Amino acid sequence: MILISNPDKSQWQEILKRPVMNTENLFDTVRSVIDRVKAEGDRAVLDYEEKFDKVVLASLAVLEEEQQEAENLVSEDLKAAIRLAKQNIETFHAAQRFEGKKVQTQPGVTCWQKAVAIEKVGLYIPGGTAPLFSTVLMLAVPAKIAGCKEIVLCTPPGRDGKVHPAVLFAAKVAGVNRIFKAGGIQAIAAMAYGTESVPKVYKIFGPGNQYVTAAKQLVSLRDVAIDMPAGPSEVEVLADETANPVFVAADLLSQAEHGVDSQAILITTSVELQQAVKVEVERQLALLPRKEIAEKSLANSKLIVVDSMKEAIELTNAYAPEHLIIETKDYLSLAERIVNAGSVFLGSLTPESAGDYASGTNHTLPTNGYAKAYSGVSLDSFIRKITFQEIKPEGLNSIGPAIELMAANEQLDAHKNAVSVRLL
């Protein structure tokens, strides 16, 4: 990890840089895969599964008997944990239901909104070194609450041609309609355009590597909506001298083990904490099964000391972390000053892992500084709000002349006329 002390504000931009992957030929590769899936459907997806995921599949769909077999392979303890997490996610997201109300803007002019579910949504669940069955819950549970009619899930199979049992169990618990064995670019393309097996959806959700992210960006240009721009996972811990270095180190490592391009940042007012966390990170790192991944991630990570908590807050808002943990004596008052973050974890007993799994909040969050403009996934992500208006004679007489005048001044005579013919 890189140790930094009292950086000048002119250095902040450089200090807060995220890891950058080489994307020189990335979009050309992604575009070629998308174009072939668009043209050839299932055949292309199956070929790419063999090429990229090293598995030969007879078909893409997960069958009912495969789901039943998978359920039998999941331990009862893990099933109970998944059900608990699902319940908490459901409770938190159900509380976000929109209740529109009719508003009279003028006598005789009534406006209102109605929340309507996106009918068809596609969920992408990464496989690879750590199958994220928790992400199934984070995406499918709010989709179900919203009332999405078709919830499609794509995830890469293992080399045995099977999907991770916990992913299938979580999908069943959360209410996913259809599951397909497809990963990477080909999965995103299949959901964006449809194939003989995979239905076309209206919006795609879920994290992934740089290829998945690029594929989502390309298909979103005109063919399908996506949840948000996404990049490597990241965490910042904002701490003072009261923070426990063991906890802080554990929090930093919990993010570092995600991938080699993840980033973990400590911003503190305490030099002593900075040094203690460095020692503790090294101690805990040696014990991790995913040590090699975390070690590479830590090369991008920083332990930063600043002069004051005011400066720490300013630096935090400039970084706009995906996950922010505040471990200070006055964390509630500091939290009020945070304006750029995906999800915030308050106090020494609230690890980022809680939000990743079972507190109830969503772990699908904006990364790479996008927390300055984007929210994480919520119930709103799965709905649209349609506006309605109704105008009675009194209302048209009230606002009609203003509409006519404004339309005339914008030189849109047909707009003006649409009101004028009604005022006769």
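Cβ atoms here come from the backbone N, Cα and C positions, even for glycine.
Summarising the annotation, TrEMBL assigns NAD(+) binding site to Tyr124, Gln186, Asn209.
The substrate binding site feature in TrEMBL is assigned to Ser233, Gln255, His258, His323, Asp356, Glu410, His415.
Long-range Cβ proximity for His415 (substrate binding site), meaning a same-chain Cβ under 8 A and a gap of 6 or more residues, is found for Ile403, Ala407. Among the features that TrEMBL reports, Zn(2+) binding site is placed at Gln255, His258, Asp356, His415.
Residues annotated as active site, proton acceptor in TrEMBL: Glu322 (among others). Classification of Glu322 (active site, proton acceptor) by DSSP places it in coil, neither helical nor stranded.
Per TrEMBL, the feature active site, proton acceptor maps to His323 (among others).
Between the CA atoms of His258 (substrate binding site) and Glu322 (active site, proton acceptor) there is a gap of 13 Å, rounded to the nearest whole number. Among the binding-site residues Tyr124, Gln186, Asn209, Asp356, Glu410, not one has its Cα within 10 Å of the Cα of Glu322 (active site, proton acceptor). Within 10 Å of its Cβ, the residue among the binding-site residues His258, His323 with the fewest other Cβ atoms is His258.
Around the Cβ of Tyr124 (NAD(+) binding site), the same chain contributes Leu153, Cys154, Thr155, Ala187, Ile188, Met191, Ile204, Phe205, Gly206, Pro207, Gly208, Val212, each under 8 angstroms and 6 or more positions distant in sequence.
Looking at Gln186, Asn209, Ser233, Gln255, the binding-site residues in this record, the fewest other C-beta atoms within 10 angstroms of the C-beta turn up around Asn209. A coil conformation is recorded for Glu410 (substrate binding site) in the three-state DSSP classification, outside any helix or strand.
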